[in-house]
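Peer 1: For C:9-39, the entry in TrEMBL reads domain 'FAD dependent oxidoreductase'. As annotated by TrEMBL, domain 'Glucose-methanol-choline oxidoreductase N-terminal' applies to C:128-315. If you look up TrEMBL, you'll see C:145-168 marked as region 'Disordered'. Taken from TrEMBL, the feature compositional bias 'Polar residues' covers C:146-157. What TrEMBL records for C:403-520 is domain 'Glucose-methanol-choline oxidoreductase C-terminal'.
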Amino acid sequence: MTVRKIAGLVLCGILMGSGPAKASESASIFSSQTGPGENLAQLIARGAYVARTADCAACHVGADGAPYAGGYEIASPLGTIIATNISPSRTFGIGGWSEEVFARALRMGVTPHGNLYPAMPYPSYAGMSDEDVHALYIYLTHAVKPVERGPTVGTRLSFPFNLRTLMTGWNAVFSRQKPMAHAATAPGGIERGRYLVEVVGHCSSCHTPRNFAMAEDRSQFLGGAAVGGWFAPNITSDPISGIGGWSEDELVTYLRTGAVAGKSQAAGGMAEAIEHGLRHLADDDLRAIARYLKSVPPIREAGQREPAYGVAFAQPSNFEALNLGHDRSPAAMRDGASTQGEQIYVAACAACHQLHGEGTSDQFYPSLYANTATGGTSPRNLVMAIVKGVHRETNDGTVVMPAFGAELNDAQIAAVSNYVLSRFGNPHLSVSAAEVAGYRIGREEPLVVKLFGPAGVVAALGGLAAGLAGMSLARRRRGDGSDGAVAKMRIED
Amino acid sequence: MTMSKMLREAWRAVSSGARRSAGHVAGTPERDAALSPIALPVDGHKFSDFLALSQFLTEKSDLDPAVATRAFLALTEADEAFEGHANRLLAAIQDGRLADMDGFDSFMAAHPALRSTAMRIISAWYLGYTGTPAPLDTEDDARFVAYESALMFRPTADATAVPSYTRGRTDYWRHPPASLATD
Amino acid sequence: MMPIQYDADVIVVGSGAVGSNLAYELAKQGKSVLILEAGVWVPRWKIVENFRTSPRKVNRNDPYPNAPWAPNSYTPGYIENTGEFDFRPGMLRLVGGTTWHWGGATWRFLPNDMKLRTLYGVGRDWPLSYDELEPYYTRAEYNLGVSGSDTQDQSGQRRGAAYPPRSAPYPVHNEEETYYFQRLKERIGAEGYEFLHEPHVRTNRPYDGRPACCGNNNCMPVCPIGAMYSGEVHAKHAQAQGARVIPDATVFRIEKGDGGKIAAVHYRTSLGNDARLTARYFVMACNGLETPKLLLMSDVANSSDQVGRNLMDHTGIGLQFLADEPLWTGRGPIQQGGVFNWRDGAFRSEHAAIKHAINNAVPNQEVTRILLERGVVGKKLDEQIRHMSARWVEFSTTFEMLPHAHNRVQPSTIRTDALGIPTLKVHYETDDYIARGAARAREDFARFVAIMGGTVIEDHTGWQNRDHLMGTVLMGDDPRDSVVNHECRSWDHSNLFMATTGVIPASGVVNPTLAAIALAIRSADIIAKEI
């Protein structure tokens, strides 16, 4: 399941703690938690739907796939963050938390064990309505099976980011959203779309660029941002840089299936978001999301003149002129070192995407022109699809593109990417082997570290802890780590 | 050269609109490869004649020059007399004794020596190789000419794959091609 | 006493599907494993390119590098045939082995196949029962991602329920049948012929990192997208579990040690350098021809004088005809099943069991070759290519072969490869048992053609290779007439195992690779317990 390792926290909520959560607050007893007149089954169903929409399970999954067991590794620019157990285990999970304690963690990033880091999108969840918080709490504590074990390793970050108290200052500056009213945000409510996008679905965690302190830059809301090696594109209403050229139906189809012929196919974190969350949502909710996105203030990328899917046809080429295959010597026939982009394209890609990049007539194997992965302003998603492949479970079977990251080296991936960009996509883009290597790792230093260095962060920002946001966090599934005490530091040099 | 050009233009008049676009998707600019000047590792004059001869014999105007080069080299390497025969065949066409492929059989009945030359050229374009490939051996006289461009795939391009290329999502094969009723 | 130092717990000679699965199972259980492979790693995309630029698409070995120091079986003179039949299977030498090009059919043998002697008085019995092998069949199927039907009686005897018995469903459900297969089944099946959908390893949903088959119609000679399983999958998985694959390492000698044990193997690289490696256990997994050759060269495991003897293939015949309606063969995978009335029954005391497999390869090259031979040119050529391709039907029929001591493989005494290692000498004769089967099969051919209103292209092909190499290191109950026991352990050397289809003593009529993998997984468990 390579793809589950993919970067990008499109919809995941992560409660992070320095160690296993332990029971500390007053016990929650089932019947006492439902209010008068509430039907428990209905409440659980609504909570489950909120959990789907917030995609809690994607990050809080156990290393062995156990739901909400925790242990999933999130590699951030500053170290490794481990998602915690949020099952109702009283020893290892949130079984001992009152609803009030739960709500503080969810909305404010403050747990009985200290501050969370904003890889858990609590700045978004802060807007969650009281009713949805309640339903989510009831669902997690009543309908989820307790997992009686914690992650074997805890979050380990480098100085000064390991100081959780620094987040208090960060929160004061960057996490100030207030809970929204239930009436406006419930299904059918006038604020439903905004609520799904901004709050529960936390789309902006990936699609909004971060500022110097790695908080979302509200002036660039949904304007597109790098996430690990991938690029979460501009989804504002701008017709060129955003989704303004998409019809509402196309957006709904995309959120449901991850594929719209002639526009885009979801990979990486977006494929995960669709697989775990979006495809399970009600049609009305997807429509509300689509409508709201089409109302988000447009952001135009300077210099962009046509939408990323706007490349209407392939540039001509003549692969026959490559004159391959003359040399039938065994040495030539086993030599897989070529960095000739067209040669690699024909042999490794064209079986599905076809010689002229047109894909199959049913577009199950999509065309490479009229495709946001090739025609946009970043080569990242093309490169990462080649490196990591595509894996997207849909309601209609699973879509897979095999990963070529092991079979092709960085120079070969750069070569074939550049061939694809020049022939099917944005010919002004190109990518180097070194850039491919960087995307593979999927982590870039945040600006604050680049500017000041780790030690300078404290001095320069006066205790304002940056970093560690959902941005450029590469999730990695743990192996069965038996060495419980020590987590390796994973800071980039 | 002149004669080749005449042949090409005559062919275009006959076959205008008949070009197949199978394998190309709408919006893909089709190359007009036969008319593009390219550098070739064989004598330019002979090559143009060979391409023209091939166009006539296969009744295809959009033959690929790179494929033509490989076919020409393979055929001349296999038989040094090939070029002489090909020139005689071309001359017969140029002076109108063989006006079109409908007259192929009757013409060849009168010129049996030229038949195998014509068939070898047609065969190279259709099958994508020259010589006789050995199924259970590593040594034979077979030479590669083309694969995806081999003309044998064109008549079925809407129905079956060029092996190693897919036609669509898993299980597409459950249904027959759309053309079934008229096949 | 100093403890003996070994280079590995287990050395596996050969990185094909059988050896790699065994190596993977051992590595997964924490054993140190070395896999020695005569060939090298080759990336899939390069093999695809080699295929497309090959002038001999009919030759399955041609896309694979054929080095003089690791020659494949089609190298001229590599197999010197002394019998009436030109025995020439398409065997490869590269990491992953010959499953790089196979149809991928993974039938289970029937319980009755394993009791041939007892039930029908011919051939030999297997030294273990179907029930004993069944759990390992299941594990093999899950390793390979076999797709199949959980409801079909695969014996062809219409029991009305799934057969043979299975302890778990197939890991992948079978794919849709092609229109071509559906129509043949409708028309020929209506006349009493039993059509079965074959279980196979062309996964139709993503499985173990492999994408779903999308009908590239190129299983042989190379699946361009890696949907079809090849041994390379488990060579890589074994590596990921800590095993080490050493390519360019042709083993040329097995060295005997004290106490009837094997002490070491010796290999030679393409540069002519020799090395000696020791281990607690040794597994020979270099196919049904090279394995006995290596044993004979080393004078190992042959107290029974059966090494290299009893060579069996599912020697077959073919049928090609044009149906009276367009069926459009060539859409989807290259095969899906066939006609199985003669898979089992009392007749097996008289003649060979028969499998009529139906080919579904794009026929354009064969059709065009035929038309050009007939001198068809011009517009008529294009019209006829379409007409004939749409109606093309092809059967590839195979027979159950019996073991005969005179059918054998030996090291050549007159030829060596570039490393100085003897090539192969094969003597292979067909017998009356399959000749009677073939007569019965030709009656079926005539019926198939008649039912489909067909025009015969070819119905007297003569005997054909099917590349299913069995019997040459066969297993049995008696050390005097078999090479290995039911564990696939040499009777003569307690730390030497065979992991190859060559251990199969009764051939049935189905593709043997899955059985060999199941046996190899079983051997791995046995070895793991002893280390």
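One is the number of the first residue shown, and numbering goes on along the chain from there.
Note: Cβ is positioned from N, Cα and C throughout, glycine not excepted.
Caution: TrEMBL annotation is automatic and unverified by curators.
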Peer 1: I'd like to know the mean pLDDT over the domain 'FAD dependent oxidoreductase' (C:9-39).
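Peer 2: Value for the domain 'FAD dependent oxidoreductase' (C:9-39), mean pLDDT as a whole number: 98.
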Peer 1: Mind checking how the domain 'FAD dependent oxidoreductase' (C:9-39) divides into helix, strand and coil residues in DSSP?
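Peer 2: With helix first, then strand, then coil, the domain 'FAD dependent oxidoreductase' (C:9-39) has 12 helix, 9 strand, 10 coil.
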Peer 1: Who are the chain neighbours of the region 'Disordered' (C:145-168) in space, where the CB to CB distance is under 8 Å and they lie at least 6 residues beyond its ends?
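Peer 2: Same-chain contacts beyond the flanks: 106-108, 110-112, 130-131, 134-135, 137-138, 174-175, 194, 196-204, 207-208, 210, 229, 339-345, 514.
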Peer 1: Take the region 'Disordered' (C:145-168) and count its residues per DSSP category (helix H/G/I, strand E/B, coil), listing them in that order.
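Peer 2: The breakdown for the region 'Disordered' (C:145-168) reads 0 helix, 4 strand, 20 coil.
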Peer 1: As a quick check of your reading of DSSP, tell me how many residues in the domain 'Glucose-methanol-choline oxidoreductase C-terminal' (C:403-520) are helical, how many are strand and how many are coil.
Peer 2: 31 helix, 28 strand, 59 coil
